[in-house]
Amino acid sequence: MPSYTVTVATGSQWFAGTDDYIYLSLVGSAGCSEKHLLDKPFYNDFERGAVDSYEVIVDEELGDIHLIKIEKRKYWLHDDWYLKYITLKTPYGDYMEFPCYRWISGEGELVLRDGRARLSRDDQICVLKQHRRKELETRQKQYRWTEWNPGFPLSIDAKCHKDLPRDIQFDSEKGVDFVLNYSKAIENLFINRFMHMFQSSWSDFADFEKIFVKISNTISEQVMNHWQEDRIFGYQFLNGCNPVLIQRCTKLPEKLPVTTEMVECSLERQLTLEQEVEQGNIFIVDFELLDGIDANKTDPCTLQFLAAPICLLYKNLANKIVPIAIQLNQVPGEENPIFLPSDAKYDWLLAKIWVRSSDFHVHQTITHLLRTHLVSEVFGIAMYRQLPAVHPVFKLLVAHVRFTIAINTKAREQLICECGLFDKANATGGGGHVQMVQKAMQDLTYTSLCFPEAIKARGMDSTEDIPYYFYRDDGLLVWEAIKTFTADVVGIYYESDQVVVEDQELQDFVRDVYVYGMRGKKASGFPKSVKTREKLSEYLTVVIFTASAQHAAVNFGQLFLGMYPEEHFIERPVKEAMARFRKDLAAIVSVIAERNKNKKLPYYYLSPDRIPNSVAI
């Protein structure tokens, strides 16, 4: 009788193992096998991290194996099991891989296909077509869109983390990490004590130093020692945590009535302010988004305030960007003066502090929350709803949305919800942060997520004119590496543009992002469909770059782009493309490391060895 060798790998995360009964059956072109209990006498099967092998003997020839069915039945108590993969050695010496990387909860059944990526047109066998269709029907019931707040991108329909599908919840280890890190951060940064200080006046800058001691590194030490200096203030707009707002000023705005006489002491080229603008030496950061946003009123005993500043900056003869004029609100007038470096020391310092405060609000709520976390969640939900696990685009993107929906759900539970951390410690709490997202959605366009286009749109693309913009330099290197990789993968599975057009699952994925994520707004520029291999490669680059590199640049990452511990792809051409991708990224790491040598302010947030694959890793 034919004999198959079945190897089963259990996950290594906490509580991944199970004591439940595990049954396996094989579905082949010539028939289906009986259910076989996978059990070895006097052995504890399916322990955490275990790789167990079993002999499965069938009564008759099964032909080509199409599917493996796994059933889990309760032994004592319900015991979830995380199955990494199954491999199968056939009686004829063939070797097949069945990636899974999913939880099996309760008394469930899971049906797996072999690991070869397939477009829907490649499935001509009825049982495979049915499996593909049923998987998407099930997922579309599990992954539902909902509106958390009017005007927001739609998010997952789950009120709390435990309501999420089991496969996208934090595993126990990651979940505990989230809770512990949240509590530890509050403890380590003295946030409990600072909470009370937020509701009153600060008396000493030394209080800030206690924070810096806890997060000490080369950059934080430089900032702590030199934060009052104009050069550090300007540098942070280029390479700090929010390097996406500064733009070249091509015309002085009427709402900022600054004159040459006012800033003459800051100009080093003996030119008028208008001439400096013409030569490209003037830059601007406008916080107009904050205009009209309600300040936090959750504590009636405490008045909180917001500014909507306009900051003018100048590239001096040393090619350093420094501030030369600050107006704290949008409408000029006697009650809204323009502050200058020539003003009294603390007047100028306070003006810069207000700008930095505004930068913090935009960074946290828009640059970080909206433009990385919420956007990545949109891509993730659409992926789960419209792409089966066998689809090459699913296999490519799944690592880059890992835990994204979970961490965003946690944020809606604990951080940005009513009475969450935003309300307690943020001047835009109490609803202001919601208003900000609603306004910022008008500027959330597809093009603005295309890194090279976004840099160019702000007039910040010239490396000769702006030599110290490392966020741009490193970001472009990483963008091109990702785009080369995605083009390689697209080329493997789509031999022509016509194949792209005819891939209905892919088109449904893209359409879901546009209709639900971007609320069907034509002005967003998000495509309703993708018609060429080149555009598909760009689209996939946007998804991966946003979730990995862009998030790392504004949040500072911990894991490593290009490393895919879950092997969803099994084909050699894709593995070779991954190897080339890792080689390209390693070269970028070397370039950045060499540049950072002996720098007092090194920039490493976009070094690939520090970029996490997703916003939650």
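Positions of Cβ are set from backbone N, Cα and C atoms, glycine also.
Listed in TrEMBL for this protein:
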| type | residues | note |
| --- | --- | --- |
| BINDING | Gly17, Asp79, Asp80 | Ca(2+) 1 binding site |
| BINDING | Asp39 | Ca(2+) 2 binding site |
| BINDING | His368, His373, His551, Ile617 | Fe cation binding site |
| DOMAIN | 2-118 | domain 'PLAT' |
| DOMAIN | 118-617 | domain 'Lipoxygenase' |
| SITE | Trp103 | site 'Essential for stabilizing binding to COTL1' |
Winner by Cβ contact number (other Cβ atoms within 10 Å) across the binding-site residues His368, His373, His551: His551
Neighbours of Gly17, Asp79, Asp80 excl. site residues, C-beta within 8 Å of centre, Ca(2+) 1: Phe15, Ala16, Thr18, Asp19, Asp20, Phe46, Trp81, Tyr82
Least buried by Cβ count (within 10 Å) of the binding-site residues Gly17, Asp39, Asp79, Asp80: Asp39
Proximal but sequence-remote residues of the same chain as Trp103 (site 'Essential for stabilizing binding to COTL1') (Cβ under 8 Å, at least 6 apart): Asp80, Trp81, Tyr82, Leu83, Arg166, Asp167
Cα separation, Asp39 (Ca(2+) 2 binding site) to His373 (Fe cation binding site) (Å, whole number): 43
Pairwise CA distance, Gly17 (Ca(2+) 1 binding site) versus His368 (Fe cation binding site), rounded so that it is a whole Å: 36
Candidate binding-site residues Asp39, His368, His551, pick with smallest Cα gap to Asp79 (Ca(2+) 1 binding site): Asp39
Integer average pLDDT (0 to 100) for the domain 'Lipoxygenase' (118-617): 89
Rounded distance in angstrom between the Cα atoms of His551 (Fe cation binding site) and Asp39 (Ca(2+) 2 binding site): 45
Between His368 (Fe cation binding site) and the residue listed as 'Ca(2+) 2 binding site', the C-alpha gap once rounded to whole angstrom: 48
Helix, strand and coil counts within the domain 'PLAT' (2-118) (DSSP): 0 helix, 60 strand, 57 coil
